[in-house]
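The feature NAD(+) binding site is assigned by TrEMBL to Gly11, Ala12, Gly13, Tyr14, Val15, Gly16, Asp36, Arg41, Glu98, Cys209, Phe210, Gln211, Lys212, Arg279. Positions annotated as substrate binding site by TrEMBL: 94-98, 153-157, Arg193, 200-206, 271-272, Arg378. Per TrEMBL, active site, nucleophile is recorded for Cys209. Look at TrEMBL and you will find 265-383 tagged as domain 'UDP-glucose/GDP-mannose dehydrogenase C-terminal'. Here TrEMBL flags 406-428 as region 'Disordered'.
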Amino acid sequence: MMEVRRICCIGAGYVGGPTCSVIAQMCPEVTVTVVDVNEDRIRAWNSDSLPIFELGLQEVVDSCRGVNLFFSTDIDEAIKNADLVFISVLSNPEFLAEGTAITDLKNPDRVLIGGDETPEGQHAIQALRSIYEHWVPKNKIITTNTWSSELSKLAANAFLAQRISSINSISALCEVTGADVEEVAHAIGTDQRIGSRFLKASVGFGGSCFQKDVLNLVYLCEALNLPEVARYWQQVIEINDYQRKRFSSRIINCLFNTVTDKKIALLGFAFKKNTGDTRESSSIYISRYLLEEGACLHIYDPKVKAEQIMQDLTKPTPSERHDTDTVSRLVTIVTDPYKACENAHAIVICTEWDMFKELDYERIHKAMLKPAFIFDGRRILDSLHDQLQHIGFQVETIGKRVNQRIPFTTSGDRSEMDQPQPLKKNKL
């Protein structure tokens with residue numbers, strides 16, 4: 001078997017960069033070169049400010065960059081010198097969870113390698129296997145044919161997305177019956193046949209993989225004349241969209257059926273905590289729904305850059321374009337969560353950053369307009385509900401009725417409920 005001494009990875013994104021950085025650290029005798037056509041991205045990988053945030057990644061890169069890990073735009077040279085080439089590791093489906101990617105790479109549940117059932121294909125599988133065997137136990141390295149490998153990747157993410165949509169569908173039922181979706185999730189999660197993982201109700205799943213892989217599965221089924229199977233998996237996406245719209249509608253309804261010109265503090269823009277990735281983040285969709293109703297959003301996220309937020313909110317979608325001027329007028333990006341909440345009508349928590357559990361909510365309440373609402377889209381404030389209500393907040397959360405909404409009367413003895421409704425929506 002050929003000894004692998006030089007690896008080239010084409011693609012320095014969320015998968016290629018971390019994966020090959022860990023390979024370089026775990027295989028010090030192997031030279032790893034990560035290449036990309038994007039010069040700015042490569043420049044960032046060679047700087048002290050990496051292009052992506054991932055726990056532990058900076059330490060891994062610092063330990064081997066310039067030693068046996070290199071980032072370059074010279075793609076042809078890297079390929080020519082390589083014994084083994086990764087194309088964004090698609091020949092080796094990854095099962096990384098952003099926020100824990102480095103841990104997942106160093107301690108994987110399994111490594112899946114697919115290849116052709118030809119002598120050349122089997123030779124390539126063994127070459128890649130020899131790299132992972134530096135730190136992964138042999139019984140955790142699974143080899144299959146190419147179709148099994150790729151379908152395993154799609155199916156794994158589809159099953160995880162399905163669990164999230166399933167518990168989110170139950171959260172809607174809980175809100176109208178008086179049940180608590182957290183209690184339901186705990187009860188069914190204790191069944192060993194089901195398990196407790198991915199049964200956390202929320203504003204919906206995001207990230208680059210779940211929706212993409214479910215839709216790929218839908219496309220495959222439609223192309224291969226399996227319409228019933230395609231419709232089954234399409235429903236996972238539709239429930240996710242429904243959950244985002246349902247949460248946004250609840251915000252509008254609680255704020256007396258209009259958010260026009262009302263300041264709303266949106267806390268968290270990344271699709272999950274411990275990452276700066278915003279791809280398919282529920283925050284984007286919720287922001288757009290509120291902006292269409294004329295809300296003034298003040299957005300805070302500890303790891304997402306302002307330029308990324310504005311880019312996400314103005315990026316055209318297949319169904320419509322979004323007016324940059326309107327977004328610029330209605331959206332303010334802040335670097336302090338307390339500043340975001342000043343004079344706000346409501347707080348909307350869209351990302352489960354731990355820091356949001358530690359905020360001084362008494363201070364925040366004093367600075368907000370009254371009645372002050374908190375919409376907890378991630379169920380991270382459950383232990384604080386009594387305290388928040390005592391402070392004076394009206395608390396709304398996913399999958400549970402915390403309290404009945406209290407009618408509010410202004411000093412002029414006129415409820416906001418009686419205010420005229422907006423004549424039309426703003427078009428973004």
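Note: Cβ is positioned from N, Cα and C throughout, glycine not excepted.
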Longest CA-CA distance among Gly11, Ala12, Gly13, Tyr14, Val15, Gly16, Asp36, Arg41, Glu98, Cys209, Phe210, Gln211, Lys212, Arg279, per record bound to NAD(+), angstrom: 25
Around the Cβ of Gly204 (substrate binding site), the count of other Cβ atoms that are within 10 Å: 30
Minimum Cα separation from Gly13 (NAD(+) binding site), reported as the residue among recorded positions Leu154, Asn157, Gly204, Cys209, Phe271 that achieves it: Cys209
Val15 (NAD(+) binding site) and Leu154 (substrate binding site), Cα-Cα, nearest whole angstrom: 16
Site with most surrounding Cβ atoms, counting all protein chains shown within 10 Å, from the binding-site residues Phe210, Phe271: Phe271
Fewest other C-beta atoms within 10 angstroms, as judged across Asp36, Glu98, which are the binding-site residues: Asp36
C-alpha spacing of Lys212 (NAD(+) binding site) relative to Gly204 (substrate binding site), in angstrom: 14
Which of Val15, Ala97, Leu154, Cys209, all recorded positions, has a Cβ with the fewest other Cβ atoms inside 10 Å: Ala97
Of the recorded positions listed as Asn157, Cys209, Phe271, the one whose CA lies nearest the CA of Val15 (NAD(+) binding site): Cys209
